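> Pasting the relevant annotations from Swiss-Prot:
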ACT_SITE  E207  active site, proton donor
ACT_SITE  K337  active site, proton acceptor
BINDING   Q165, K337, R366, S367, K388  (2R)-2-phosphoglycerate binding site
BINDING   D244, E285, D312  Mg(2+) binding site
Amino acid sequence: MTATITDINAHEILDSRANPTLEVRVTLSSQAYGCAAVPSGASTGEREAVELRDNNLERYGGKGVLQAVENVNGPIRDALLGQDPRSQEEIDRIMIELDGTENKANLGANAILGVSLAVAYAAANNADLPLYRYLGGDGGPFSMPVPMMNIINGGAHATNNLDFQEFMIVPVGAPTFAEALRYGAEVFHALKKRLVSRGLMSAVGDEGGFAPDLPNNEAAFELILEAIEDANYVPGKDIYLALDAASSELYQNGRYDFENNQLTSEEMIDRLTEWTKKYPVISIEDGLSENDWAGWKLLTERLENKVQLVGDDIFVTNPDILEKGIKKNIANAILVKLNQIGTLTETLATVGLAKSNKYGVIISHRSGETEDTTIADLAVATDARQIKTGSLCRSDRVAKYNRLLQIERELNDQAPYAGKEAFLFNRK
């Protein structure tokens, strides 16, 4: 007998920044159930689906999500009772139509996403399958993703003087995911030791990376290279560098406010190009603003065959916007964040569109996270080959890494570590 949805319940929990978010539980007639918690971003794209907040300044500084909880426990629950949880596309369609807006502003993308993911977990649990097998099929193909590890935080993720948001290490040369994690952890500790020895702050930012004040952004690269060598790895062979410039945060009146200079798009591109020549940079995310499409075209023409150019704010995990970018030859990879678009179905459509056009895919966390590990399963299920889930500390980040270790043990030879094959920029 087919199991159907018999109950949906949401409540407020806290995320990693002490802000409220939703956790949703979907229960089936078989007594199987699924739970999911929703993340939240700090630097958000203008075209992201809308996260519903209460704006009641007497609770959580206006950041409460009681209205979103009410939307789940009321109209969404009423609309989905009796549905087959395996009908993910239909369930997501019902919620989108019930919302009635292009950006999910009525019910809230946080409400809709929580239900969408909890439904998938309930269906997977009812089938006695882990989420990655339920979504990816029993035979895959599966691979273990290369982690992009954010070990120095700046921009909107920290309170230091660095303009760029994330300076990452990418352990491309590791033979397995478990070894990649070890590479990263050892560099993390080597970096901390260097910071302490220089009297620099070793406190961490939102995503678990260190947040020191440094003379300039290049100094972050230099520090990381020293830490890689201290840990006995070879930069540009064992471990590469990656950067999230989060340039939309720097863009005002057609210029980039960078290191106390007002740079044009061309000058920003020159700076990024210079760094790709000077350092072993394999990936640049949001090198230009989401509203600087002309600049993005120039950046892509300049660097598309040399480094991975990741669109985050410019694409916001939206298949329609990604399709426009593909036609205009903008970027060569996309960052995929579930809560930017608000349903599992639309997320999978975006991943499929990217892969069919040979765009790299990076499954990503948000700066406000929970212990939810959905993105780990999603990265394996979709054979995305890359994941971005923060640094090597803070349980909200490490939970995803530990889940990937579990999956690697379960799949063993069925899921080889993607390594350099994860990067498609030189094979388009």
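Here the Cβ of each residue, glycine as well, is placed from N, Cα and C on the backbone.
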> Quick check for the class: what is the C-alpha distance, in angstrom and rounded, between R366 ((2R)-2-phosphoglycerate binding site) and E285 (Mg(2+) binding site)?
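A Cα-Cα distance of 14 Å.
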> Hey, of the recorded positions listed (K337, R366, K388), which one tops the CB count within 10 A?
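The largest 10 Å Cβ neighbour count belongs to K388.
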> On a simple 10 Å Cβ count over all chains shown, which one of the recorded positions E207, D312 is most densely packed?
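It comes out as E207.
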> For the (2R)-2-phosphoglycerate site made of Q165, K337, R366, S367, K388, how many Å separate the two farthest Cα atoms?
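The two farthest binding residues have Cα atoms 17 Å apart.
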> Using a Cβ cut-off under 8 Å and a sequence separation of 6 or more, which residues in the same chain sit near D244 (Mg(2+) binding site)?
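Those within reach of D244 (Mg(2+) binding site), by Cβ under 8 Å and sequence separation of 6 or more, are N150, F164, Q165, E166, M168, E285, D286, V310, D312.
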> How many whole Å apart are the CA atoms of S367 ((2R)-2-phosphoglycerate binding site) and the residue listed as 'active site, proton acceptor'?
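The residue listed as 'active site, proton acceptor' has its Cα 11 Å from the Cα of S367 ((2R)-2-phosphoglycerate binding site).
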> If you count other C-beta atoms within 10 angstroms, which of the binding-site residues Q165, S367 is the most crowded?
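Result for the most crowded candidate: Q165.
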> Measuring Cα to Cα, how far is K388 ((2R)-2-phosphoglycerate binding site) from K337 (active site, proton acceptor) in Å?
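Given the Cα positions, K388 ((2R)-2-phosphoglycerate binding site) is 10 Å from K337 (active site, proton acceptor).
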> Cα-Cα, whole number of Å: the residue listed as 'active site, proton acceptor' versus the residue listed as 'active site, proton donor'?
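With distance taken Cα to Cα, the residue listed as 'active site, proton donor' is 15 Å from the residue listed as 'active site, proton acceptor'.
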